[in-house]
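Straight from Swiss-Prot, the features:
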type: REGION; residues: 620-695; note: region 'Type E motif'
type: REGION; residues: 696-726; note: region 'Type E(+) motif'
type: REGION; residues: 727-822; note: region 'Type DYW motif'
type: REPEAT; residues: 48-82; note: repeat 'PPR 1'
type: REPEAT; residues: 83-117; note: repeat 'PPR 2'
type: REPEAT; residues: 180-210; note: repeat 'PPR 4'
type: REPEAT; residues: 211-245; note: repeat 'PPR 5'
type: REPEAT; residues: 281-311; note: repeat 'PPR 7'
type: REPEAT; residues: 347-381; note: repeat 'PPR 9'
type: REPEAT; residues: 417-447; note: repeat 'PPR 11'
type: REPEAT; residues: 448-482; note: repeat 'PPR 12'
type: REPEAT; residues: 483-513; note: repeat 'PPR 13'
type: REPEAT; residues: 514-548; note: repeat 'PPR 14'
type: REPEAT; residues: 549-584; note: repeat 'PPR 15'
type: REPEAT; residues: 585-619; note: repeat 'PPR 16'
type: TRANSIT; residues: 1-70; note: transit peptide
Amino acid sequence: MIVFMRIIHVAQTRRLMIRCNRIRQCGFSVKTAALDLESSDSIIPGLDSHAYGAMLRRCIQKNDPISAKAIHCDILKKGSCLDLFATNILLNAYVKAGFDKDALNLFDEMPERNNVSFVTLAQGYACQDPIGLYSRLHREGHELNPHVFTSFLKLFVSLDKAEICPWLHSPIVKLGYDSNAFVGAALINAYSVCGSVDSARTVFEGILCKDIVVWAGIVSCYVENGYFEDSLKLLSCMRMAGFMPNNYTFDTALKASIGLGAFDFAKGVHGQILKTCYVLDPRVGVGLLQLYTQLGDMSDAFKVFNEMPKNDVVPWSFMIARFCQNGFCNEAVDLFIRMREAFVVPNEFTLSSILNGCAIGKCSGLGEQLHGLVVKVGFDLDIYVSNALIDVYAKCEKMDTAVKLFAELSSKNEVSWNTVIVGYENLGEGGKAFSMFREALRNQVSVTEVTFSSALGACASLASMDLGVQVHGLAIKTNNAKKVAVSNSLIDMYAKCGDIKFAQSVFNEMETIDVASWNALISGYSTHGLGRQALRILDIMKDRDCKPNGLTFLGVLSGCSNAGLIDQGQECFESMIRDHGIEPCLEHYTCMVRLLGRSGQLDKAMKLIEGIPYEPSVMIWRAMLSASMNQNNEEFARRSAEEILKINPKDEATYVLVSNMYAGAKQWANVASIRKSMKEMGVKKEPGLSWIEHQGDVHYFSVGLSDHPDMKLINGMLEWLNMKATRAGYVPDRNAVLLDMDDEEKDKRLWVHSERLALAYGLVRMPSSRNRILIMKNLRICSDCHSAMKVISSIVQRDLVIRDMNRFHHFHAGVCSCGDHW
């Protein structure tokens, strides 16, 4: 009879499983399954709790929560009741499936519960009120055993409530479970998360029979909280206690030795790993990868990687990320391709890393292909992957696409905003960058030092002192002004807005100074033509044991060039190589060509170019071309122009410079030929623009502008300035007009240059109490405007500051800070 009943139960179970599978295969929801069962007679009449329990256990084994729910529906339809044992199995099925709401409802409806019920709910982290759950268990009088305490300790940690774990320590001690290894390991982990290393050590000492899990837990506690040396001592004690290291302890030993910088010890750990064959474990393997990549030994890292199993995405992702961080973007791309060929599916970390590599290498094509893959594998909604995609398009100068992706984000974090702001700022779109910064503030985005640095960079590119001061005030208010990156950006902003004295005061108030701080200050002095001060700052920097880098010397060389300090510049260049072991880059050579060209040493400059160990860039030849034109050396000018056009046949600046050279020599036929070539090649001359800020608004002026609302006042001021300047001895330099026209027309043309229009507006609208007028210009100031500004500064008795594409010109009482060399 018993055998017969079991056969019936098996048959009924199969019928229910088949029915549930059909429901699930058809794509119906759990609710649909319940309705389907309710709409028909029960398919398994007469089953008892034991049979139901067996069926539910089978659902758990097959990871089939839908069938478990269908069985539950059938039980409810029949009005049957499960015993406590079977109900706990059903509760376990819901918990493991992640059906938290159903699990909690079932738990609350249970007519009786035992500690297994509470532990089951706790183990699945389905309860968001762990204290209430524990109190209920205690209130209902259920047994408190090691399993209960361990489950609740893990629940507290999983819900980021580890700080209340000590609350359980007292009853654990009271019941004598503090010496239990199972409970002790959970307590050690909880105290580790809280940062209470001493309490964890006390628990460890109280455990009578310490197993490998307890030892691994206390060692990990010390490592995770930064006690690397003590953790290594504990590892030694563990070995002396007779426990052989395993994957977990090897991983911990690697973390500790790397944290201490004991790389030789870490390599010794690697030797032990090789002896015990643990290298194939992904966790240990990643620890070794971290060791060798941190040492910069990508070769040994790659050897370790090749010994690891290739079916785990973690090692692939780690190596791709490290290649990108070390500047090996091509190698990262090759590795990603190998990963795809091995049929390993990338995760969000992999995609973010390879996209960062594309952004660094400006690989637009690959970035677009990866964009398609991101959408295909469903990571386009991941915020980190989306931010990396935006960064790729921004760095590849495709801001329209970057902004479109940004707008489509369902949720944005501060990195999303920063990426777009930085993208605009790097492209010289200061206005758009600052607008985005304002939008971020309106959206109550948490502004970081990156946000402030980018916003200040935008103010610097706009030369907007007013906006920069506002950002500075906000940085002070949010306690960001003292951060090194923000302070460095403040130095740069004030210097580029013409106030080098305030830039120096920001530097003087810095609590922490890094090499970028010195570089920002040196660059500021150099841009203002104060080469001697730049040299003095370099000496102070070296006296304070701060090692200068390539950017430091680039700023100093630029300052020497702007100030005409030929000998000092050459000595600085030689010292950079001789004393500091810094190999010159193209920018250093460009500064030296400008320096030598300014002193008329064109032969020496040409020899320097010919001796460069790599191919000279457009910038170097352009510096040589400009110097040759200033010295009226047509031979070198022609050669420089030819070299530039070999590299870039559509280089607009070269056509303009050569055209200006012919115009200066009144070779109008050659000028016409150059302009015809520009038209045929589709090369357009960048229009000269000057701008000035007044009351928060920026006013732009181009040559001969006539549509400004204050044009009548501007023209009146220009006529007055022309009259006063002529009486003061100003003589127009008609060679500055590179057009074939009569002298009268040339004189008129000179007085409608963009910087003079901006100056006239400033004199009309800015009160005389404002002693300084700052004008920005996108091109080099012409010789006639330079002469006129010197005279006008004496007439109006105000400081006139013009920042052109190369440097600042401070006009005061008829003298310019550049010494008439620019």
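Cβ coordinates come from backbone N, Cα and C, glycine included.
Same-chain residues lying 6 or more positions outside the repeat 'PPR 9' (347-381) and placing a CB less than 8 Å from one of its CB atoms are 313, 316-317, 320-321, 323-324, 327, 329-330, 332-333, 336, 339, 387-389, 391-396, 398, 410.
Long-range neighbours of the repeat 'PPR 4' (180-210) within the same chain, counting only residues 6 or more positions beyond its ends whose Cβ lies under 8 Å from a Cβ of the stretch, are 146-147, 149-150, 153-154, 156-157, 162-163, 165-166, 169, 172, 217-218, 220-222, 224-225, 227, 241. Non-local neighbours of the repeat 'PPR 15' (549-584) in the same chain are 515, 518-519, 522-523, 525-527, 529-535, 538, 541, 591-592, 594-596, 598-599, 601, 806-807, 818-819, 821-822; each lies 6+ residues outside the stretch with a CB under 8 Å from one of its CB atoms. Within the repeat 'PPR 11' (417-447), the DSSP-based counts of helix, strand and coil residues read 23 helix, 0 strand, 8 coil.
Per-residue confidence over the repeat 'PPR 5' (211-245) averages 83 (mean pLDDT, predicted model). Sorting the repeat 'PPR 2' (83-117) by DSSP state (H, G, I as helix; E, B as strand; all else coil) yields 27 helix, 0 strand, 8 coil. For the repeat 'PPR 5' (211-245), DSSP puts the residue distribution at 26 helix, 0 strand, 9 coil.
The helix, strand and coil residue counts that DSSP assigns across the repeat 'PPR 12' (448-482) are 27 helix, 0 strand, 8 coil.
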